[in-house]
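Structure record follows, encoded as structure tokens.
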């Protein structure tokens, strides 16, 4: 088994980067798979945690002699123990992970019923609360495995006969309440935005309608996420709410990037049209977001057990980074355009006010992207498994603050504070533009 030392560092990276799954009841089909290690999912267990695994239609084909059934099996592994297993493999490359004292061995193919059924079904209580990864190991050389796998990972809530299964990881069981709370905030936000737009309807532009659409879609996205997680928590399946979640998530992400790009170009409130280079940014960002959402669905609806799961993760991260970089360009172009215009049109104060506005917008967008991509990821990585929900709460808080700041900056008002000027301010602005370079 010389492949194991190479596959395990990858799995170490995977279990570090992998977001805790919602542990829906899963039915998986493995077909002619030769991988020495398959990671199924990761789950945070309490002291009442249980794992139910059922395998059926098992077949093992080897190009060598008949494989030893005890060399294939399922086990649980904590992140702390993973390092110890790596050390064992480094010391002995032919070592089989199923023999390690650091794993929680569930069963091997030695426990299967006789052919032709070749099946096994058992429930295992978790005696030591922790976050574990569920693995399948194949230590039989030159062999492929086919099987149907049914998994249920859950914690028991309540006492006695009234105990119910909670299929959300110990650190994510608060998500239905969290998402419901934020969805209510966004519905209230939308109602206030509609009221404010009607109150100042003479100053409303097309961009304000798009901003309103973004808020209501965000509210619906959170509502569907709350229902999705609630049904997964209670029943182990999303009951179709995952479809609505992905639909609203797709519309929300495309709308969000579109609104940021359009505001960055000054569309509808500074100019009624888009330049060719600005149209090209939209033509790049929107298809990339379609691709990113397809990757997100594949990641969310399958799991690390599929062979291309790492590739889909890499694709999602790459596309997200490209989109985050692309939406910055229109803001920079607008700032440069305003700087050049300020030297010739004689409206120094207004141009300085617009420059200030777009510079603040630039800083807010950069801050939002940094927080939701870097800080939230760091929180997910360093937080104890029981507090994984804190990263989700931080992300939603940052998003709400971002929406509130952007909507306030570009709200429809007849006499915007940035453009209420007198002669003294005009002269001061001219001095500022002449004496100082306006930098990002």
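FYI, residue positions are counted from 1 along the chain as it appears here.
The backbone N, Cα and C atoms fix where each Cβ goes, glycine too.
Residue ranges 121-140, 141-160, 281-300 are listed, and TrEMBL annotates 281-300 among them as transmembrane segment.
Looking at 246-269, 414-437, the range tied to transmembrane segment in TrEMBL is 246-269. Feature annotation (TrEMBL): of 312-333, 334-355, the stretch labelled transmembrane segment is 312-333. Looking up the ranges 85-107, 361-383 in TrEMBL, the one annotated as transmembrane segment turns out to be 361-383. TrEMBL lists transmembrane segment at one of the ranges 52-72, 178-198, namely 178-198. Long-range contacts of the transmembrane segment (281-300) within its own chain (CB-CB distance under 8 A, at least 6 residues past either end) are made by residues 242, 246, 249-250, 253-254, 257-258, 261, 274, 309, 312-313, 315-316, 319-320, 322-323, 326-327, 329-330. Here the transmembrane segment (246-269) has long-range neighbours at 205-207, 210-211, 213-214, 217-218, 220-221, 224, 275, 278, 281-282, 285-286, 289-290, 292-293, 296-297, 300, 323, 326-331, 333-334, 358, 361, 365, 406, 410, meaning same-chain residues at least 6 beyond its ends whose C-beta is under 8 angstroms from one of its own.
Residues of the same chain lying 6 or more positions beyond the ends of the transmembrane segment (312-333) and with a Cβ under 8 Å from any Cβ of it are 17, 257, 260-261, 264-265, 277-278, 281, 284-285, 288-289, 291-292, 295-296, 298-299, 358, 361-362, 365-366, 369, 373, 440. Note on the domain 'CAND6/7 N-terminal' (26-155): mean pLDDT across this stretch is 90.
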